[in-house]
Amino acid sequence: MSAENHPAYGEEKARLGYTLKHVDKSLNAFIARKSNIDEQVAKGKKHFNSDSSQQYIDLMINTMLQDRAELKLVNLTQAKRKPYFACIDFKEEESDSGEKYYIGKMALIDEDTMELIITDWRAPIANLYYESRLGDSEYSCPDGIIKGELLLKRQYVIDWGSLKEIYDIDITTNDEILQASLGANADNRLKDIVSTIQAQQNKIIRADMWTPLIVQGAAGSGKTTIALHRIAYLIYTYEKQFKPENFMIIAPNRLFLNYISEVLPELGVEKARQTTFEDFALQIIGLKLKIADGYEKINIFVNENKDKSQSARNKLMKMESQLKCSMLFKEIIDDYIQTVEKAFIPQEDFKLNSITIFKYDELNNLFLNEYSKLPIVKRLDELKKHMTNRMKARKEAIIESLEESCVREINRIKDTIEESADRQSIIIDIIDNKNDLVNKIETHSKKAVSDYIKKISKLNPFEYYKDFLQNYMAGPELSIENISSELINFMIRHSMQAFRAGHIEIEDLAPIIYIKYKIHGIDEKIPVRHIVIDEAQDFSPFQILVIRKIIKDSSFTILGDLAQGIHSYRGTGDWGDIKDKVFEGRYCELLMLEQSYRTTVEIMNAANAVLSNIKHRNFPVGKPVIRHGAPVRVMQKGNLKEICLQIERDLDALEPESYKSVAVICKTIDESEEAYSYLKASKYKPKLITGKEKEYNSEIVILPSYLSKGLEFDVVFIANGSRENYGMEEMDIKLLYVSMTRPLHRLFIYYFGEISPLLRLL
Ligand SMILES: Nc1ncnc2c1ncn2[C@@H]1O[C@H](COP(=O)(O)OP(=O)(O)OP(=O)(O)O)[C@@H](O)[C@H]1O
């Protein structure tokens, strides 16, 4: 309701004024504090003396304070515009009256009086706003469960410090602010949703950090948004234990990273790590490897309907990807590593000037058994230490025994040969020989152990991987049920061809990291404690397992939608697999998000009808929030050029709606390029997205279906929903489903030739 018409308008207006005064006060105090810190930092840098550790510590502390002050200033400036979005009135048990808490994106405390002016949305008490209804309610905080009565839940629309609307609410869905927010147009960046987080989403955001959490969420259910809010929540809740850098989100590609880049800063969080699996993996492997464009492969697969000639090869390519990402592959690598381990120590005794110091069996036993907990290469350090220590003792004993045998030999000579010049010279020879030997032992013993260790051949992780594929996988001793020799031969040929051409594929990353982890060990300190994986249906258990192995003691939030698994040949088809294989029987929480917020009832129902064509799997479908819109328009045209002309006409007609983002989604990159050739000269100046971009700023984009995953647009045109493009194969159904679930408001589907059987009933 318009704020002026609300009975509490006067009181609320006064409260807003009071709050804004405090925001100003705090802002001024921070500006002064920051300029003081800036001065300290500038001084510290100017007079920096690298010998003074105190100066170094001061500079570090001040730089950290400077960062914090900068962030606080940004947050306070934002708060001037909209200091809070809701209020709750909570009466604790045993208390006579309720207390009001104004909930905003950041907390504000009057530093003089310690009065709480704004409560952070992540604070325990704010949970009441997201999950409780009026009446008896409770929330949990570090002091335990606080019981009481929720007297009021109120929402505000505040814009540039002016109170526009007030709503008293008691339902957690379908409230007017949510409807307004879903009905708004979207540009090319994801937004925060602090004021309208729904109860089920709130559970995910606030779930225990240390219990692995898997979220199956329908298209548009808010997975990505929730993932980012969860990071902001965890950073706030564990502020004393962890830094923002200890939290990492892994997203599908750089374009997607750009798409989500504004949410965390909007939530007042900077410096959480945002990366892709490829970038993270390359950093861990630490070698200069080039990853082939993964979209080329998926483009081949999505083109299959058109080019049947390659279907046998494509089938093998999919099977290769599947195998490389499977736990079976990990097990084969484990076997390979055992053979590497067994042959690692040279099969010979370690001798010093023909004196045996260590027997091969002894060294090998130490290596295989004593140090078995360590990565293979790291065991050499232990072995070296052990050998060097023993060498010292052995060397002294050897020298002593040489001295003794020298004395014995001299005595024997003295007993058997008369004193003479000859006898003297024999004795001198014996002493010289002994001295010579002692010298040799002295000098050799210093180098012998290092020489021995150096001599042991070690490859880098990528070389081991090549050896594994070329020699072990092709070797006669390998015979694995369910893997045909045809597949193995294809995989080896195909991989080696790629390696020779100077690149690896995404599927090779997990095996190489795993080899590095087992053979070399991961030296790099990865200061990550919690990992959020978005679009996790495209990750295989093996890929997630390697992340878990290399980042010890970390916890996980894994979010995805199996119905959108367009990389299912290398991803996961069942969350149970992740539970069992990655977390190996540990308790994992599996939560569902069914409500879909992105799109209208009409569009969601049409997309669900398409998805229902996958008969052998029961994918959880999205239930749209009640928001109606125009029906999905399906229309036939003569060819792609005519479709593009129609799209231009539609764009003209849509102008009054002021939509901010439009996508023309084609099935493949070739089709996208063709559509681009027809549309590029139009006044809309669309941008073609090929998968190589890190960002885009255009309001209208043309892109292939598989690149649209995760993104959203006000309006979507599916350029060609023909039978030729979308048959009854699972991949086609998923690609069409993904494309159809991208729009917020309008969906147009054009086709030429025969309509896809998936769309016939729309
Ligand atoms: N509680 C909410 N209040 C307002 N908007 C919401 C809410 N939850 C989700 N949304 C909106 O719904 C849209 C979809 O969210 P998001 O992209 O995070 O979903 P997703 O599950 O990751 O989707 P997909 O799997 O289809 O890519 C976004 O515009 C987001 O702002």
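Yeah, the Cβs are placed from backbone N, Cα and C, and that goes for glycine too.
Whatever TrEMBL says is automated annotation, not expert-curated.
Database features (TrEMBL):
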| type | residues | note |
| --- | --- | --- |
| BINDING | G217, A218, A219, G220, S221, G222, K223, T224 | ATP binding site |
| DOMAIN | 196-600 | domain 'UvrD-like helicase ATP-binding' |
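Overlay of TrEMBL annotations on the structure.
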| residue | record | Cβ neighbours (10 Å) |
| --- | --- | --- |
| G217 | ATP binding site | 26 |
| A218 | ATP binding site | 28 |
| A219 | ATP binding site | 25 |
| G220 | ATP binding site | 26 |
| S221 | ATP binding site | 27 |
| G222 | ATP binding site | 25 |
| K223 | ATP binding site | 24 |
| T224 | ATP binding site | 23 |
Can you give the mean pLDDT for the domain 'UvrD-like helicase ATP-binding' (196-600), rounded to a whole number?
90
What is the set of residues, excluding G217, A218, A219, G220, S221, G222, K223, T224, whose C-beta falls within 8 angstroms of the centroid of the C-beta atoms at the ATP site?
D561, L593, S596, Y597, R598, G622
